[in-house]
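Worksheet: one structure, shown below.
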Amino acid sequence: MKLLEEFIQEKGTVLPGNVLKVDAFLNHQIDPVLMQAMGNEFAKRFQDLGITKIVTIESSGIAPAVFAGLALSVPVVFARKKKSVTLTDNLFTSTVYSYTKKESNDISVSKQFLTVDDTILVIDDFLANGQAALGLLEIAEHAGAKVAGIGIVIEKSFQQGRELLNKTGIPVYSLARIASLENEEILFLEEE
């Protein structure tokens, strides 16, 4: 998606350890015009798959997921990383490792919001090692829900995440695919 690539080039920053900082439009400050365009792009890609719910992880996946949900007219469910007083039992859970934060988190979704009747689109902000998406797939499996597709905002194609997700047989679509972050230069793969 050319618009997203332009945002990444103009406002993204490469940090040591192959980390791409995109807090100017996605991870801290959110650009709603970009989010709407991304939501529409995800909807266009997945509109014929009978999606009934979108599932993501808090917090940076929420904005693109909500705009995709708006475009598809379906609810959005986000997995929580921290338990709250209102989210204590009757949960589907999985443990995921964060590449950026270098820590594991238990993620949870209330059993009330995912069922065997759901056809899910998973949306996540980044695909690096694939752990967040795999955790969401595990939660969907616990619920007995069908995962029809995985939408990624920014994929680091030089890491193993895409390969792991491809092994699931579930279609994966990334809006921006990064080939390299070497020498603080952002190089993209061609669009899918």
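Heads up, the Cβ atoms here are built off N, Cα and C, so glycines get one too.
These features come from Swiss-Prot:
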type	residues	note
BINDING	Leu20, Asn27, Lys156	xanthine binding site
BINDING	Ala128, Asn129, Gly130, Gln131, Ala132	5-phospho-alpha-D-ribose 1-diphosphate binding site
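For the pair Gly130 (5-phospho-alpha-D-ribose 1-diphosphate binding site) and Lys156 (xanthine binding site), the Cα-Cα distance reads 10 Å. Cα spacing between Ala132 (5-phospho-alpha-D-ribose 1-diphosphate binding site) and Leu20 (xanthine binding site): 17 Å, rounded to the nearest whole number. DSSP classifies Ala132 (5-phospho-alpha-D-ribose 1-diphosphate binding site) as helix under the three-state reduction. In terms of C-alpha distance, the listed binding-site residues Leu20, Asn27, Lys156 place Lys156 closest to Gln131 (5-phospho-alpha-D-ribose 1-diphosphate binding site).
DSSP classifies Asn27 (xanthine binding site) as coil under the three-state reduction. On a Cα basis, Asn129 (5-phospho-alpha-D-ribose 1-diphosphate binding site) lies 18 Å away from Asn27 (xanthine binding site). Gln131 (5-phospho-alpha-D-ribose 1-diphosphate binding site) is surrounded by 20 other CB atoms, counting those within 10 A of its CB over all protein chains shown. Listed in sequence order, the residues of the same chain lying 6 or more apart from Leu20 (xanthine binding site) and placing their CB within less than 8 Å of its CB are Ile8, Gly12, Thr13, Val14, Phe126, Ile154, Lys156, Ile178, Leu181, Ile186.
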